[in-house]
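A.B. asks: Have a look at the structure that comes next, please.
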Amino acid sequence: MAAAGSAGLPATVSEKQEFYQLLKNLINPSCMVRRQAEEVYENIPGLCKTTFLLDAVRNRRAGYEVRQMAAALLRRLLSSGFEEVYPNLPPEVQRDVKIELILAVKLETHASMRKKLCDIFAVLARNLIDESGTNHWPEGLKFLIDSIHSKNVVLWEVALHVFWHFPGIFGNQDRHDLDIIKRLLDQCIQDQEHPAIRTLSARAAATFVLANENNIALFKDFADLLPGILQAVNDSCYQDDDSVLESLVEIADTVPKYLGPYLEDTLQLSLKLCGDSRLSNLQRQLALEVIVTLSETATPMLKKHTNIIAQAVPHILAMMVDLQDDDDWVNADEMEEDDFDSNAVAAESALDRLACGLGGKVVLPMTKEHIMQMLQSPDWKCRHAGLMALSAIGEGCHQQMEPILDETVNSVLLFLQDPHPRVRAAACTTLGQMATDFAPSFQKKFHEIVITALLRTMENQGNQRVQSHAASALVIFIEDCPKSLLILYLENMVKSLHSILVIKLQELIRNGTKLALEQLVTTIASVADAIEESFIPYYDIFMPSLKHVVELAVQKELKLLRGKTIECISHVGLAVGKEKFMQDASNVMQLLLKTQSDLNNMEDDDPQTSYMVSAWARMCKILGKDFEQYLPLVIEPLIKTASAKPDVALLDTQDVENMSDDDGWQFVNLGDQQSFGIKTSGLEAKATACQMLVYYAKELREGFVEYTEQVVKMMVPLLKFYFHDNVRVAAAEAMPFLLECARIRGSEYLSQMWQFICDPLIKAIGTEPDTDVLSEIMNSFAKSIEVMGDGCLNDEHLEELGGILKAKLEGHFKNQELRQVKRQEENYDQQVEMSLQDEDECDVYILTKVSDILHSLFSTYKEKILPWFEQLLPLIVNLICSSRPWPDRQWGLCIFDDIIEHCSPTSFKYVEYFRWPMLLNMRDNNPEVRQAAAYGLGVMAQFGGDDYRSLCSEAVPLLVKVIKCANSKTKKNVIATENCISAIGKILKFKPNCVNVDEVLPHWLSWLPLHEDKEEAIQTLNFLCDLIESNHPVVIGPNNSNLPKIISIIAEGKINETISHEDPCAKRLANVVRQIQTSEELWLECTSQLDDEQQEALHELLSFA
């Protein structure tokens, strides 16, 4: 179509007609016509689009569908395209747009079109408020205020709709604005004559409160609107409108404190609606959601209303009984996903969350009797619901259920024999969930009865759905079951699994049924993964059948089976090891290559993809360097998957509603009626592909070198891929391994790659919002420094890093202060304390990563980094103050330990900061703190120089006192104690003039060997070798009396795997043993005091050293 004339001039009649025809073509049923119209529309200049669309919206003769399309396009233009279009309109056109829009809203008679015009009005208003909150459309605001003061109900509706769409329209709200807003909402929410007005005002009030979620004072001011909102919730539900109820759920989730003054009323209303079977399932679920959400977001408040929770429990359980008599369930060959819209699934989830939110002390007494009654019911639906309720409350009621776990488990096991298959399946699900919730004590206590019962259920060929549930439960049980316990049942388990595999393979060939077989191969993989080399005797009976499944599963509907079986084969191969697997390796690799070739020509969401990716990684681990020949075939699709960009969109709420049924999209509400959407399908595959690339770089090194540059260019930008945490984790984890690969090509190539990585990695430490991801990024940075070595950071990098670490430490202290404030609040209780402790653990974990980064800097830069470090010194000193929590003191001491170890003798300049904390913390109640202090005292002796002599002298009595403490060797204390023993050894070795060596040595020898701390153990053995090789009389003892003790120390060192083949100390110790063997009498005296295991350990030591 022709472009319109000059700015501000009206378009010609023919141009208008062309544009109207274009709008009609945009809604034409023909795809080709629509596509052509879209291309024409995209090429129309913004000025012309704006004027044409506004004219079409106002033209009542254009037809409703055309006007509707024009309204949608204009809203989109002023929303997502505002910055490109509106500022470039001439001032007079901007003025005309605003005037015309007010007139259009004011004069529109069609209710639906008026709402669309209000949406456009709100979008424009939102974009005409700047960052400071100034409204640049005062005429629009005046129109709204005039509408509020008018007696025209239609204009009230206009004002409410705009305000609901954009609650920030008043900009910087002063007292006068708040009074206007409250008057508008109050007068409309009380309107008994117009239900639509009352509903809309309640939604607008909720949206306004949500938009001001941090303004606690406003909550009090607007609290008297709550009765009207609750009344509107009730009334609208019975008019088949759940929009206000949805708003109430949002308030419960985001601003629960607003509900405080009327919490009882809110809960009573929710309880009433939840229990009313006349309402739709969705409405009842939403009403329940209000209660459940408050249990999570306002736990202390809700615990004051347990009477209402107790009344809600029967409603929840009744909803869980709402199941269909589905004859197809028994014969289904697909494991359908849970229907989250069903009452049963929604209620089960609600009970789970309620238990976790309020805890077992509250929930278990309310549910136990109801559940027991349901389990005794003749109705299979009640028995099913009772079992699923037990499954749901386990996590939240963990502590309270443990004492009754025996009777609970025995009760559940009985239902594996229930006449109804769905009850048997529910019993399997419940056992699986308990195995998760109560692990590992559940496995240790019930291994015999649970494994036996699940195997028996799997062997029952009556129903493959039940078999599949039993096999799934067994997988979950195995995950946390000690290997030593699984071995007890291995023979029976393998026999059972193999016989079922043979039957299911025949069923696949004969009938094409696959459901139980899909789960069975996963169970076999789980068993092999758990028992590792113990699977070798059974390898030959499973592998032929597994390969046969892969060969058979070629049809489209068998792709998932094929993928899971490939995964199983790779798990089995990894379990039995390269030597055993090599007989099938070539054949298996050909099967994988065939599948890989097929995948390259298949859809992105093919279910085999994720299984293939992880299977290749396991094959790499099995084959080692032999895998390099296959890497070119694997790497291309892997990089393609890892590089895939997700579809994203910024949409108005109305557009989201139109897309809500679209597969694979998830939306986050950004407020102001805007949502950010991302198509999630493919994100998991992308994360898995990234993790596999990390794995290949780590395992193959030289074999991965040629892909290093391509992968690093892809991975570095993914440090900012905020759509999926595991993608960022993989990107961070990859960096040190990619640097190791780059090093193979020489220092210049390595330096160039580090320049590309370093800056984004540092920035990611400063900007990453997720604690778990942040810890991985910090860990990666620390490892990268160690790879690159001294001088790898320039002044700009060090300055930025210093600022970031300083901010992390300051944030750490600030968060601790805030937690102390919360402990003084009225609502503080055990549940709040648990939440605060979780927060504290996250903060401490980041503190450990700060320590890791500083460790890397100290170990690579040595004393040259100390001038930079001094900006952090006051914060580190603050960590070791006696008033700080013990983890702070532990990690503060660890940082000073690193300074002493790597920056001495210069470290002595800081001695007054850490001298007394180091000595005093030797008496701390927490072994972690004692360990850090003891290690520091040891490295003072080893690396500190003469300046530390007096401090080492002071340390010895404190170290001895810890070692001699009655409970020093308990599991909790042993690591700290062994660090004390090692520290004394270091003082004896490196600062002998600080102590009476001959007096202390006999005690030190009596404390050996060290069992738990392998690093310190090998240091003590090296010192022992020094003493023996120098024939130190105190160590050798009169008439060689100490040699039996020394021989036992050496034997224990081998048994504890302290002594390894590679360690030079092994040869020294072996020579000591051989020297003693030269005297037959002495040797017999030494070995007579050893048990068989110790003698075997000595024999093994002599054979390799």
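A Cβ is built for glycine as well, from the same backbone N, Cα and C atoms used for every other residue.
Pulled the feature table from Swiss-Prot, pasting it below:
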{"type": "MOD_RES", "residues": "A2", "note": "N-acetylalanine"}
{"type": "REPEAT", "residues": "219-257", "note": "repeat 'HEAT 1'"}
{"type": "REPEAT", "residues": "361-399", "note": "repeat 'HEAT 2'"}
{"type": "REPEAT", "residues": "402-440", "note": "repeat 'HEAT 3'"}
{"type": "REPEAT", "residues": "444-483", "note": "repeat 'HEAT 4'"}
{"type": "REPEAT", "residues": "866-905", "note": "repeat 'HEAT 5'"}
{"type": "REPEAT", "residues": "908-946", "note": "repeat 'HEAT 6'"}
{"type": "REPEAT", "residues": "949-987", "note": "repeat 'HEAT 7'"}
A.B. asks: Looking only at residues six or more beyond either end of the repeat 'HEAT 7' (949-987), which have a C-beta under 8 A from one in the stretch?
C.D. replies: 911, 915, 918-919, 922-923, 927-928, 930-931, 934-935, 937-942, 993-995, 1000, 1003-1004, 1007-1008, 1010-1013, 1016-1017, 1019-1020, 1023
A.B. asks: Helix, strand, coil: count each for the residues of the repeat 'HEAT 2' (361-399), based on DSSP.
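C.D. replies: Split by secondary structure, the repeat 'HEAT 2' (361-399) comes out as 31 helix, 0 strand, 8 coil.
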A.B. asks: Should anything in the same chain at least six residues away from the repeat 'HEAT 1' (219-257) have a Cβ under 8 Å from its Cβ atoms, list it; otherwise answer none.
C.D. replies: 178, 182, 185-186, 189-190, 195, 198-199, 201-203, 205-210, 213, 265-266, 269-270, 272-273, 279-280, 282-283, 286-287, 289-290, 293-294, 297-298, 301
A.B. asks: In the repeat 'HEAT 3' (402-440), how many residues does DSSP call helix, how many strand, and how many coil?
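C.D. replies: For that range the per-state counts are 33 helix, 0 strand, 6 coil.
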A.B. asks: For the repeat 'HEAT 3' (402-440), give me same-chain residues lying six or more residues beyond its boundaries with a C-beta closer than 8 angstroms to one of its C-beta atoms, as numbers and ranges.
C.D. replies: 323, 329-330, 375, 380, 383-384, 387-388, 390-392, 394-395, 446, 449-450, 453-454, 456-457, 462-463, 465-466, 469-470, 472-473, 475-477, 479-482
A.B. asks: Looking only at the repeat 'HEAT 5' (866-905), how are its residues distributed among DSSP helix, strand and coil?
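C.D. replies: The breakdown for the repeat 'HEAT 5' (866-905) reads 28 helix, 0 strand, 12 coil.
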A.B. asks: Across the repeat 'HEAT 7' (949-987), what are the DSSP residue counts per state (helix, strand, coil)?
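C.D. replies: Counts, helix then strand then coil: 30 helix, 0 strand, 9 coil.
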A.B. asks: Please spell out the DSSP helix, strand and coil residue counts for the repeat 'HEAT 4' (444-483).
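C.D. replies: Taking the repeat 'HEAT 4' (444-483) as a whole: 33 helix, 0 strand, 7 coil.
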A.B. asks: In the repeat 'HEAT 1' (219-257), how many residues does DSSP assign to helix, to strand and to coil?
C.D. replies: 32 helix, 0 strand, 7 coil
